[in-house]
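Here TrEMBL flags B:1-52 as region 'Disordered'. The feature compositional bias 'Basic and acidic residues' is assigned by TrEMBL to B:15-28. Sequence annotations record features per position, and here TrEMBL assigns domain 'Caspase family p20' to B:70-193. Positions annotated as domain 'Caspase family p10' by TrEMBL: B:211-306.
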Number of protein chains: 2
Amino acid sequence: MESENGADEAGNGRNNHEEKFHDAEDGLCRGNGNPDEGDARGKPGQGSGDIIARMPVPKYATHYKMDHKKRGLAYIFNHEFFQCGGLKARSGTNEDCKNLKACLLFLGFDVLEFKDLNYTDIEYQIREVARMDHTHHDCLLIAVLSHGEMGIIYAKDTPYKPDYLWSSFTADRCPTLAGKPKLFFLQACQGDKLDGGINLSKTETDGECYNTYRIPVQADFLIVYSTVKGYYSWRNTTKGSWFIQSLCEELKQKALHYDLMTILTFVSQRVALDFESNVPDSITMHRQKQIPCLMSMLTRLIQFTPPK
Amino acid sequence: MESENGADEAGNGRNNHEEKFHDAEDGLCRGNGNPDEGDARGKPGQGSGDIIARMPVPKYATHYKMDHKKRGLAYIFNHEFFQCGGLKARSGTNEDCKNLKACLLFLGFDVLEFKDLNYTDIEYQIREVARMDHTHHDCLLIAVLSHGEMGIIYAKDTPYKPDYLWSSFTADRCPTLAGKPKLFFLQACQGDKLDGGINLSKTETDGECYNTYRIPVQADFLIVYSTVKGYYSWRNTTKGSWFIQSLCEELKQKALHYDLMTILTFVSQRVALDFESNVPDSITMHRQKQIPCLMSMLTRLIQFTPPK
């Protein structure tokens, strides 16, 4: 019966799981003795597969629905001063924050700004927004402007794993955002490698509608890092970070004309080509480059519509 | 003088580093005493910034140049049998390999297939392709079909970090691919978490031309994981993996009509919506879902043209 549902959901003639064909996983095949299976969201009893959320868009729509009553909430966690690790103040971050806020308001978001929060306060805000009813919202956006290192980001008082920011919004934990884009923007270092760059010189859709369909709880996330794993992320002490400057400029110019992944590719181009570090007093830090990193678990295109 | 070059490269009126504004990095600001600075590609003496590569496309082109003499090389590392960790044979992988190869040939790639290689042989192949002259190629594509775990992937004889696959192709190490897309596709588990899914129910460019420009050596990579970090990646033992089945189907239908990131978003939709595991003899493994993860460091759109 369950496998029949399976066959139904495969639907659309694209894929049919015939009973005689079984699926295997490309892992260690530890089977039920698997020590980590407690983590499995699909574990019986914790079966998120039984949770039912509202379908925001027809199953095979090419684009996310961006005409709900509201665009949605945008949280900006802006960090200038720190009380840990002897971290320097992030001069220019208020420029980023102002710039980003204006841009998100232009896109129709309800923007909330948080300055120099401790981790417990960030945790509280995330928990609260995950609890809210986003039924009439297109999406959710969370931006963090801070210091970072490989795999961590800094609150005012302590480092934390950014994964926490998105793990609260999986479709099983925040059903009113299920099937909607959840957007995360991180302006922070991911390590302390430098990218010296290289010189290039010239020498030469359709959506059908089903009554019910099933999605992975990890789907519909977009996580944008200002830099790649292991590398520095640069900030102009007066104009703000290269990434946020570029993001805002591209969104202002193109948000209503291209889908978001395309725009973010142009943001990467801008960061990669138009900037290089200007630290004349340090030959090591001078003239360095940066490239952002887009991590997409999206299942449709995001096209911003003019806000109401 | 160097900083003047910097100012020149900022070009296009987009960004001007005025001497009085300095850049900071959003890291620990350890400065020159930084123990990791030896890793810095920009370290004087190792200055990849001095390397000059051929500019494949005008600085602000929206798309990568896809009309070189050749499309480029595509390497498929196909793993069915293993001699480590008691790993099961990957039934269905040859179906994936055949399917993917046909698809890449259709796109004009020169496809090379490698079956059940040990790590040293994979290393050798990667080293050799990185040494080759890709001057007249549009791009490079490398696919690995294997077992995996969090952060690792299996060769026939041993696990290794997939990062090795791309680190050899940064613009400083492989200048003939500088400014060209480097595409990596990994069909493998990234852990052993299961995604139980959730039910959704219905209720409602322009390019100017400069003589020289500078890019980060980490730019222009696209790394596509069949699943998200920590999770299973599913394979039908007869038809092949959900991800490769979906990738090939979408490429066949859309490669010449949409840019690659858009197509890959539709691949994610297909994997997420059209598949769920069919393992009726295991209630834990049965009816699980999967979502791929796209990691893009691209700076332009990729639009495949009909092969010559």
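Heads up, the Cβ atoms here are built off N, Cα and C, so glycines get one too.
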When the domain 'Caspase family p10' (B:211-306) is classified with DSSP, how many of its residues are helical, how many are strand and how many are coil?
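So the counts come to 28 helix, 21 strand, 47 coil.
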Over the span of the domain 'Caspase family p20' (B:70-193), count residues by DSSP class, listing helix, strand and coil in order.
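Result for the domain 'Caspase family p20' (B:70-193), in helix, strand, coil order: 35 helix, 34 strand, 55 coil.
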Can you give me the average pLDDT across the domain 'Caspase family p20' (B:70-193), rounded to a whole number?
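Averaged over the domain 'Caspase family p20' (B:70-193), the predicted model reaches a pLDDT of 95.
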